[in-house]
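See structure below.
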Amino acid sequence: MANDYLFTSESVSEGHPDKVADQISDAILDAILAQDKYSRVAAETLCNTGLVVLAGEITTTANVDYIQVARETIKRIGYDNTDYGIDYRGCAVLVAYDKQSPDIAQGVDRAHDNNLDQGAGDQGLMFGYACDETPELMPLPIHLSHRLVERQANLRRDGRLPWLRPDAKSQVTIRYVDGKPHSIDTVVLSTQHSPDIDLGQLREAVIEEIIKPTLPAELIKGDIKFLVNPTGRFVIGGPQGDCGLTGRKIIVDTYGGAAPHGGGAFSGKDPSKVDRSAAYAGRYVAKNIVAAGLASRALIQVSYAIGVAQPTSVMVNTFGTGRVSDATITRLVQEHFDLRPKGIIQMLDLLRPVYEKTAAYGHFGREEPEFSWEATDKALALAEAAGTEPVAALA
């Protein structure tokens with residue numbers, strides 16, 4: 001890739017139909033883990049006009065009112081009016097959960113001689129990524145895209161823009177010069193709204209109240225292209241506008257396309273599923289590599305075989321930004337991080353009901369106290385082992 005280029009990422013709000021599905025799935029996961037932390041959960045959700053379908057595989061001793069959890073999640077998001085196409089009070093909720101296959105369970109539950117040798121719940125490959133473009137060590141385009149739709153939700157909730165409705169999408173294009181963010185080129189924001197708002201008034205308010213306060217002043221250089229509701233009217237949205245499904249926003253959930261994705265979604269899955277837990281561990285590893293000053297960009301890939309505890313591969317790529325070799329960093333990762341599935345669960349304390357909060361505005365790059373995978377507590381040890389200087393904030 002050339003050093004001067006445009007790069008774009010997108011995000012969606014909590015009211016987007018796919019995110020409604022993700023949040024219901026993770027709310028159900030949390031409700032189960034709160035009672036039985038060793039549950040096996042793969043909770044999938046479909047939501048459409050006036051309808052929510054809950055399906056998947058759950059093995060647990062917990063007694064959870066799944067229908068009530070789904071309704072409370074829809075209420076929290078803001079779908080509390082039949083005019084919005086789905087109303088938490090009146091929507092139909094169908095439940096069709098099965099138990100986890102015993103063929104899968106025999107590999108996942110096996111302990112061998114060491115209780116950390118729990119097998120992976122499936123084969124697969126997962127990626128983690130970090131870079132020094134933001135204080136959170138995230139790519140700038142996805143970071144800004146998340147903040148835009150998060151602000152849209154905040155202004156909707158506090159009543160400052162009362163004509164906003166829950167569904168929204170954002171997209172940010174950044175101009176890079178010499179491989180670093182230089183300026184903001186284009187911002188797209190489409191928001192659902194009440195039918196009585198004038199489009200000109202909406203566009204002015206969105207630019208002045210949502211977009212401009214979110215953009216870093218140092219990246220405003222020349223004219224930025226603002227595209228607000230470019231198709232015009234956006235009254236029908238949410239699950240009425242599109243059928244929502246768990247796991248359809250995996251790029252929004254991660255790095256906005258700035259890093260590869262192994263293909264496995266996160267929401268609704270307990271941490272025995274390496275699709276989720278190993279991706280969280282990958283973020284933890286990559287963020288600590290960058291925080292340690294070992295590189296300004298770091299990508300890690302890990303892979304697993306079902307029923308086998310040790311990863312089948314570990315790879316680190318620092319894209320030529322490493323202060324030491326990628327082979328050295330890979331060795332340090334294997335020395336300082338336990339990437340067996342149960343080792344990850346213990347390292348990041350993942351048997352907690354913390355997942356509903358992850359299901360909107362990104363699983364990574366948010367300094368939430370529950371997000372243990374965002375900690376940089378290994379950075380100093382990595383820096384010492386590699387002979388590098390950690391970033392100033394950690395020194």
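Note: Cβ is positioned from N, Cα and C throughout, glycine not excepted.
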According to Swiss-Prot, region 'Flexible loop' applies to one of these ranges: 100-110, 265-275, 364-374. Which one is it?
100-110
What's the CA-CA gap between K249 (ATP binding site) and D18 (Mg(2+) binding site) in angstrom, rounded?
7
CB neighbours of D242 (ATP binding site) within 10 A?
17
Going by a 10 angstroms cut-off between Cβ atoms, which of the binding-site residues D18, E44, E57 has the sparsest surroundings?
E57
Per-region confidence, the region 'Flexible loop' (100-110) (mean pLDDT, whole number):
62
